[in-house]
Amino acid sequence: MRIGQDAAIDQSVPSISIYTMVGCQSSIPTTGIYRQSSVSRCCTRGLADFKEASDKYVRITDQTANGNTLLHIAASENQMNLVKELLRYGADVNASNDQSETPLHIAVAWMCDYDISRCLISSGADLLHQDLDTTIRGADGMTIAHYVSFTKQSSRADMIRSLGPDPSDIHTTDHDGRTILHLAIRRGNFKLIDYLFEQNTEALEQPDHDGRTLMHYATESRRSTQLIDLLYRRGFSIRAKDKTGRTVLHHAASKGNLTAITKLLE
């Protein structure tokens, strides 16, 4: 329901308390008529206020004048916990506004936080939406796939969906020359690492712009021991140097990773 429309409340639709959350007093009755500013503000203050009780409500299906839902606004305001709560209440992850943008469009365009994109994807966001550009980059040059790879929880299915319809996107690097494999190794996500190595593409394995190899990135992970073993078996050298001459051991020392240092000195 659009804000400003006078309609009877559908009792089958979950309602969400917002007036305590937005910190305003209102005598507007719960008849389906709400101020657009209140709907917008309800998603800017976060989950703590969201959970406070109130006698005034906004429906999970309400939209602002331009068609944005609560989920669109929460995504644009980088409110991760609120995004999760709205999804739990049954918010439509693929709802479109007047520009045919879904919440995932908003999350990608703003690049608020990779967790929000991953959360929306995991909740069924349509990565094949006709207007969703999976190649769009944030300020650091990262795409959706980079953000998905930069977490331990992402699955193969998340990665496949985040790459979109063009398989060549798997080779994309960010402004530092990092591929999605660099980031998956840094996070120690073996599910993604195995999947990416299965693609048999050397472009994923190239050093970044500073000459740091996958082995360098392995020393940044809490799973460095297993990663070093895995990469060594695949032919990566522990003696590799970056463009400043720092070896993998130097890199491990700079990160204070004693476990990686011990492993490299075996």
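Cβ atoms here come from the backbone N, Cα and C positions, even for glycine.
Where the annotation comes from TrEMBL, it is an automatic prediction and has not been curated.
TrEMBL lists 66-98 (among others) with the feature repeat 'ANK'. Residues of the repeat 'ANK' (66-98) grouped by DSSP class, helix first, strand second and coil last, total 16 helix, 1 strand, 16 coil.
Summarising the annotation, TrEMBL assigns repeat 'ANK' to 176-208 (among others). Panel annotation: around the repeat 'ANK' (176-208), residues 140-141, 145-146, 148-156, 159, 170, 214, 217-218, 220-224, 226-227, 230-231, 234, 240, 242 of the same chain, lying at least six beyond its termini, place a Cβ under 8 Å from a Cβ of the stretch.
The repeat 'ANK' feature in TrEMBL is assigned to 210-243 (among others). With a cut-off of 8 Å between Cβ atoms, the residues of this chain six or more beyond the repeat 'ANK' (210-243) that come close are 176-177, 181-182, 185-188, 190, 193, 197, 249, 251-252, 255, 257, 259-260, 263-264.
Remote same-chain residues near the repeat 'ANK' (244-266) are listed as 210-213, 215-216, 218-220, 224-225, 228-229, 237-238 (criterion: CB distance under 8 Å, separation of at least six residues from the stretch ends). According to TrEMBL, the feature repeat 'ANK' maps to 244-266 (among others).
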